[in-house]
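*Asks:* Got a structure for you, written out below as structure tokens; questions coming shortly.
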Amino acid sequence: MIPFLLFCLFGVCLPYIDRWLINNDVSKKYSDLRVSGQLEISHFFFKFTTERFNRRLASLGHRFSNFSSLFYRIGTCFVLLLSLAAIPFLWFQIFKTLSSSSTSTPDTELIVPGVNRPLSHIIHVLFAIIISVVLHEIGHALACIAEGGSINHVGVLSFAVLPGAFVSMDLERVPNWGRVRIFCAGIWHNLLICAFCLLLRHEEMNLTNVLFEKDQGLSVTYIDSSSSISGSYGLKRGDIIIAANEYSFSDLSFAETMVKIRNSTQTGFCENVEKLESPSSQDCCHEDSLTDLCFRGEGFQVCLHARSVFESSQSFCHSDEDCGSGFSCLVPKVNEELHERLIVIERNTHQHTVLFVGDPFELVKSVSISSLVPKYFISAAFAEFQIKLLEYIFNISLALAFFNSLPSIALDGNLIVSSLVDIFLPLEIQKDKNLLLRIVIVTIGTFSLGIFNPQVQRNLAAPGTVFISSIREPYSLFLSTFNFFYYRNETNRCNTECLGEPFKTFFDGETGRLPDELFDILEEKFSDDIPWSFRCKNYQSFELGFENGDDPDEFVAQTASHIDFMIVTEYINESLVLLADFLNMPLELAFFITKKNATDYPKPTLSPKQQRVFEKFFSVDRKLYDFYHAEILRKIEEFGKERMELALRQLKEIQKRDSVRSSGELIARTYENAKSSLCSSGKAASVDDAAIVFADNDRSSEMLEKRVERLETLIRNRPKATPKPKRPTKRALLEEIKTGIEELTKEIKESKAPAAQKSAQNPTGRGTTPRRTRGPPSRGRPPSSTSKY
């Protein structure tokens with residue numbers, strides 16, 4: 001999170017850093033680039049152009065001109081076929097998405113490192129984008145040289161973290177068919193990259209079999225240094241692991257194994273009970289012990305050295321029936337509520353077996369695993385990097401080729417279509433038809449690309465993405481909406497256009513009306529044409545995609561199939577417990593902190609007539625809420641009432657602890673802001689009055705909130721500090737000096753003019769100042785010279 005915030009801060013401050021560098025003349029090269037226009041800087045964006053590569057690209061293009069002419073003619077044929085198939089394929093995907101269920105496997109996926117890909121893959125993605133884009137633009141440049149055009153300059157740019165490249169070409173003397181080949185060249189290069197990646201992928205098995213082994217275990221390629229599995233007795237990079245508990249990695253992947261261990265009960269060890277000493281029914285191990293664990297048998301428990309138990313055990317077990325005669329199944333005592341497990345990870349060497357106690361998901365997050373076991377000195381991490389990079393290059397090059405073949409605005413397909421239209425309908429002869437055909441084709445392509453995006457939004461998510469939403473009792477939500485937008489009438493709640501709407505329109509501009517009064521006039525006043533009228537008719541269903549004319553029962557069924565988990569506000573704590581169980585995540589990650597929600601607004605009871613009007617306008621919301629209300633009660637029953645009560649008590653403890661902790665962090669930030677603000681305004685004494693003892697666990701959140709309010713009041717009432725005078729820049733000083741010199745020169749010339757006239761009237765020099773006869777000669781400029789400033 002911190003690196004992301006730092007990146008956002010850098011992107012916002014980029015123009016200000018640029019201005020500071022120019023004003024202070026930090027680097028002459030940088031200033032020259034900005035003045036010449038080669039470098040452009042704005043928020044989260046920069047663009048750099050250069051002519052340095054023009055000669056090399058021209059030389060390369062002329063050297064292979066005979067070959068490249070035929071090469072790009074063949075490529076143009078493939079690209080035009082792709083362009084003809086692109087729009088039908090796009091519409092096929094749209095209709096397939098509309099007709100398929102939400103559980104179907106997605107055909108397309110948006111690659112976002114840190115969201116649906118590991119953040120470590122950002123290096124692969126950036127390399128793949130750079131390779132694909134650079135080779136795409138090189139195709140345009142070489143084809144331009146082969147067709148007789150010239151290159152103005154090349155450049156690179158970056159928006160946020162996405163790099164790009166471009167080529168500026170002069171195509172004035174290039175015929176239309178030559179332009180088509182130039183515009184198709186970039187797509188042709190991307191198609192060849194895809195073919196090359198497929199060839200390497202096909203030969204991957206043969207290449208990896210030479211250097212690596214498969215089905216011989218798993219290779220550890222990376223371990224997070226902060227993880228408890230690292231260390232001298234833990235896993236190391238390069239280790240070959242073969243099993244975890246009773247599961248062999250030859251049958252299951254590492255992630256699948258951890259999921260099975262987490263979802264099953266703790267595995268035990270078959271031990272000879274007669275060798276055990278002093279079994280007890282009380283707590284048997286000290287909590288601070290790092291090597292001993294409490295093991296439970298039938299009717300007893302005993303504290304034993306964990307590694308010794310594993311080394312002397314006969315086999316893994318879950319009950320005494322899994323062990324032989326004379327042996328008992330000893331199960332380690334772990335915290336089941338936190339999904340804690342004792343995991344025995346075996347290596348294929350004579351090194352010690354690794355014992356891990358904790359949540360198996362910690363291993364999935366902190367350890368990277370490869371199925372390739374190296375035969376020689378080449379590490380599996382290097383091979384995995386190459387394979388993953390190849391995969392990303394293929395995906396991104398294919399995406400560039402496909403989308404650039406579409407006749408859409410700002411894409412190569414638009415330029416290809418324009419050149420083809422100029423061939424068959426010359427602009428000089430049939431201008432109107434030419435422009436009309438261009439507009440029609442580009443509009444169809446752009447519309448297809450635009451409609452494709454929202455319809456496949458679920459398919460663009462990663463496989464297995466969980467969709468979560470929330471629902472509230474309809475009348476309760478209506479009262480809250482009415483209060484938020486109309487009754488409180490606070491301009492800082494939203495923009496002035498939506499403030500009070502649509503309630504203010506229904507009440508003819510009046511303010512202060514009560515919510516139940518709306519249902520006396522709603523049937524008469526309501527219209528779908530009134531802005532924001534959806535707030536008074538099936539508000540929640542509208543937000544979930546319901547449109548007038550849709551069948552309510554089908555909409556409820558469709559919502560149930562699209563939303564994987566629905567939080568019911570009236571059962572918020574129970575919903576969070578069930579959500580944590582549904583996602584297999586710790587309860588600590590599901591807590592929420594209650595803020596100062598408004599509760600003092602009118603909540604009138606509706607009359608029978610008003611209730612009928614309300615049910616008419618919120619019928620779909622009511623049907624949807626009743627469905628999920630029954631669902632949450634059913635899930636609570638399946639979860640178990642006693643288990644739910646225990647989880648709710650734990651959740652309340654977590655909320656109490658973390659709300660105090662969060663209040664302390666809020667106070668710390670507020671106190672620092674108050675201190676700096678008050679000191680800068682000359683009220684340093686007020687800081688002592690606002691001194692705060694930061695939150696401890698024994699501090700109540702109410703006391704902390706009062707102190708926060710006090711600090712905020714001090715900050716709001718502080719006097720405005722006098723702005724410091726702005727320091728002049730070097731450029732401003734130079735301009736001032738230049739202006740002064742020009743004024744001084746003008747004064748000197750004006751003073752010399754009368755003296756020259758007087759000297760002309762008195763050539764002998766009598767009556768003037770005597771000439772100097774002694775001393776060194778004057779070192780000033782000759783009288784005939786002119787000074788230039």
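Residue numbering: from 1, along the chain as shown.
Just so you know, glycine gets a Cβ as well, placed from its N, Cα and C.
When I checked TrEMBL for this same protein, it listed these features:
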type     : residues : note
COMPBIAS : 775-789  : compositional bias 'Low complexity'
DOMAIN   : 126-442  : domain 'Peptidase M50'
REGION   : 745-789  : region 'Disordered'
SIGNAL   : 1-19     : signal peptide
TRANSMEM : 70-92    : transmembrane segment
TRANSMEM : 119-138  : transmembrane segment
TRANSMEM : 150-168  : transmembrane segment
TRANSMEM : 180-200  : transmembrane segment
TRANSMEM : 435-452  : transmembrane segment
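Distances, neighbours, how buried they are, the whole picture for these features please.
*Replies:* Within its own chain, the transmembrane segment (70-92) has Cβ neighbours under 8 Å at 142-143, 146, 180-182, 184-185, 187-189, 191-192, 401-402, 405-407, 413, 416-417, 444-445, 448-449, 452, counting only residues six or more beyond its boundaries.
When Cβ-Cβ distances below 8 Å are used as the criterion, the transmembrane segment (119-138) is approached by residues 57, 111, 113, 154, 161-167, 186-187, 189-190, 193, 222, 368, 385, 388-389, 392-393, 395-397, 400, 404 of the same chain, each at least six residues removed from its ends.
Outside the transmembrane segment (180-200) by six or more residues, the chain places 72-73, 75-76, 78-80, 82, 131-132, 135-140, 142-144, 147, 149, 169, 171, 174, 207, 390-391, 393-394, 397-398, 400-401, 404-405, 412, 415-416, 419-420, 423 with a CB less than 8 A from a CB of the stretch.
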